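Residues or ranges marked as signal peptide in Swiss-Prot (evidence: sequence analysis): 1-30. Look at Swiss-Prot and you will find 30-355 tagged as region 'SGNH hydrolase-like domain'. Sequence annotations record features per position, and here Swiss-Prot assigns disulfide bond to Cys47-Cys237, Cys355-Cys468. Residues or ranges marked as active site in Swiss-Prot: Asp182. Taken from Swiss-Prot, the feature active site, proton acceptor covers His184. The active site, nucleophile feature in Swiss-Prot is assigned to Ser277. Among the features that Swiss-Prot reports, region 'CBM domain' is placed at 356-482.
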Amino acid sequence: MTLMHPHMIKLLSLSGLTLGLLAASQGVRADEIKAPTFTAEPCCSLCPAAHDAKNYTTRYQQNFTTLVQAQGDWLFRTQEDLRTEFDTTPSGYKRMQQLHDAFKAKGVELVVVYQPTRGLVNRNKLNPEEKAKFDFDKALGNYKTMLGRFAKMGYVVPDLSPLTNEQLPDELPAHDFYFRGDQHWTPYGAQRTAKIVAAKVKQMPEYAEIPKREFETKRSGRMGKTGTLHNMAGQLCGTSYAIQYMDQFTTEPKGEAGDGDLFSDSGNPQITLVGTSHSGKNYNFAGFLEEEIGADILNVAFPGGGLEGSMIQYLGSDEFQKSPPKILIWEFSPLYRLDQETIYRQMMALLDNGCEGKTAQMSASTTLKPGKNELLVNSSNKDLRNANHQVDIRFADPSVKTLQATLWYMNGRHEDIKIEKPETSDTDGRFAFELRTDEDWASQNLLAVEVQGPEAGAAAQKVEAKICTRNVFPAGGQQTAAAGQ
C-alpha cells in the first residue's frame with residue numbers, strides 16, 4: 001500500500017471529526033446536583049410533567065426516566081428500578097469473559113457484586129396499581145439468570161436474591177435497604193449485602209492465604225440525605241420532600257490503638273474493593289466487608305465513578321501494578337451497560353500497564369497547542385494492525401481528565417475517540433487503550449494519531465505518546481457463547 005502523505009490527514013480532517021465520538025460511560029453522578037430550595041409543603045403525588053419521558057432531557061435526567069410516586073415519600077424510576085430485563089449483548093458477554101480471563105492470568109479472582117434493583121428489594125413500597133404492573137417474578141428470575149451468567153464466565157458471584165422482596169415491620173426504626181428518594185443503598189442495605197458477599201468470599205481458596213484481622217463497627221452519627229430522585233422531582237414539579245436522616249457507621253480494627261497500624265501487616269491489603277458511589281464512605285460498605293470478612297480491604301471506589309471509573313484508575317496505579325490483590329470485589333448496578341467497548345479497551349490495556357516497560361513501535365513527546373495536533377505518524381509504513389497494538393498517552397498535567405483523539409488508518413478510514421474520566425476522580429493524566437478490534441477493525445493498519453489540544457487561551461499541554469504491542473492474556477476456556485444465550 002502506498003503511504004498517505006501526512007498532509008493528506010489535514011484534508012481528511014476537514015470532515016466533522018467531532019461527530020461520532022465514542023464517549024466513555026458517564027456513571028450516575030449522584031452527588032452533583034444540589035437540592036433546590038423550595039418553600040412548598042412536602043408532597044404526596046408527582047405532577048404530570050414527571051410522568052412524561054420527553055421532559056427528561058439531559059443525560060443526567062435520563063437516568064431517572066420516569067419517576068413513579070409510591071407510598072409516602074418513596075419514589076421509583078420505571079426504567080431502572082422497575083426493570084425486568086437483566087442482560088447484555090453478545091459483545092458484552094465476550095468482553096466480560098476476556099476481562100475475567102485477563103484478571104485470572106494476573107492471579108486475581110474477581111468477585112462481582114451485582115446489586116438488586118430498588119424495585120426488586122423495596123417493591124412493597126409501591127402503590128397497589130404500580131405494584132400490580134411490576135412483574136416481580138419475571139424481574140427476579142432474569143436477575144438470578146444474570147448472576148448465573150457471570151458465574152458461568154468464572155466470576156465469583158454472591159447471590160443477593162435473598163435481599164429482594166423486603167418486608168420490614170412498620171414498628172421497627174427505618175432500616176430500609178434503599179433510601180426513599182435516592183438510588184443509593186442505606187448503610188443498613190450495605191451491611192446486609194456485605195454479610196452475603198463475605199460468606200461467599202470465605203468459601204474461596206484464596207481466602208485461606210489472606211492475613212486475618214478483627215474489626216468492629218460502631219454508629220458514628222447521622223446523615224441527612226436529600227435524595228437524587230427527590231431532587232429530580234423538584235426540578236420537574238417544583239415540589240420538595242423531607243430530608244431523610246439515617247445512621248452512619250465507621251469500622252475500625254478491634255482493640256487496636258490509632259497508631260497500631262504502624263506495627264501491623266495491614267499496609268498491603270490483599271483484597272481490593274472497586275465500584276460505584278455505593279462503595280463510598282457514607283454507606284460504609286467497605287467497613288462492613290472488613291468486619292464480616294475479617295481482613296483488611298483497600299477501598300478505591302469514589303463518588304461519581306460509575307461502572308469503570310475506579311477500576312480504570314486503580315488498574316493504572318502502582319498499588320495494582322506492584323501488588324495486585326488476590327481478590328478484587330467489583331460492585332456495580334444493573335443500570336450500567338456492559339458492552340461499552342471503550343471501557344474494555346482501557347481496562348485490557350491497563351491490566352498489564354499499557355506500554356510501560358515495553359518496546360515502543362512509535363513514540364513522541366510534544367507540547368499540544370489549541371486545535372488538532374498530529375502526535376504520531378507511521379511514516380515508515382510499519383505493521384501496526386489494530387489486533388496487535390495499543391496506545392499509551394500521558395499528559396504531564398495529572399488533572400487532565402479528557403482525551404479527544406482521531407486515529408487515522410492507511411486506507412483513509414478513521415476513528416474518533418473520546419475518553420472522559422469522572423470529575424470526582426484523582427487522576428494521573430494517563431489514557432491507555434487498545435486499538436479497536438470490534439466489527440471489521442482488527443485488520444486496520446494505523447497511519448497516524450491526532451490529539452485535540454487545550455482550549456484557546458489555555459496553557460499548552462505537554463504530552464508523551466507510545467504505540468506498543470498489546471498485552472496477550474491466555475483464554476480461560478469458559479463457555480462464553482452459552483452465557484449469552
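Don't overthink the numbers, they just go from 1 along the chain as shown.
Cβ atoms are placed via backbone N, Cα and C, with glycine included.
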Collapsed DSSP category at Cys237 (disulfide bond)
helix
Counting across all protein chains shown, how many other Cβ atoms sit within 10 Å of the Cβ of the residue listed as 'active site'?
20
Averaging the per-residue pLDDT over the region 'SGNH hydrolase-like domain' (30-355), what integer do you get?
91
Cys355 (disulfide bond) in three-state DSSP notation
coil
Using His184 (active site, proton acceptor) as the reference point, find which of the recorded positions Cys47, Cys237, Ser277, Cys355, Cys468 has the shortest Cα-to-Cα distance to it.
Ser277
Return the member of Asp182, Ser277, Cys355, Cys468 nearest to Cys237 (disulfide bond) in space, with distance defined Cα to Cα and candidates limited to these recorded positions.
Asp182
Cα nearest Ser277 (active site, nucleophile) among recorded positions (Cys47, Asp182, Cys355, Cys468) -> Asp182
List the same-chain residues at least 6 positions away in sequence whose Cβ sits under 8 Å from the Cβ of Cys468 (disulfide bond), in sequence order, or say none.
Gly354, Cys355, Lys358, Thr359, Ala360, Gln361, His389, Gln390, Asp392
Across every protein chain in view, the count of C-beta atoms other than its own within 10 A of the C-beta of the residue listed as 'active site, proton acceptor' is 25
Looking only at C-alpha atoms, tell me how far Cys47 (disulfide bond) is from Asp182 (active site), rounded to the nearest Å.
18
Rank the disulfide-bonded residues Cys47, Cys237, Cys355 by the number of other Cβ atoms within 10 Å of each Cβ, and give the residue at the low end.
Cys47
How many other Cβ atoms sit within 10 Å of the Cβ of the residue listed as 'active site, nucleophile'?
24
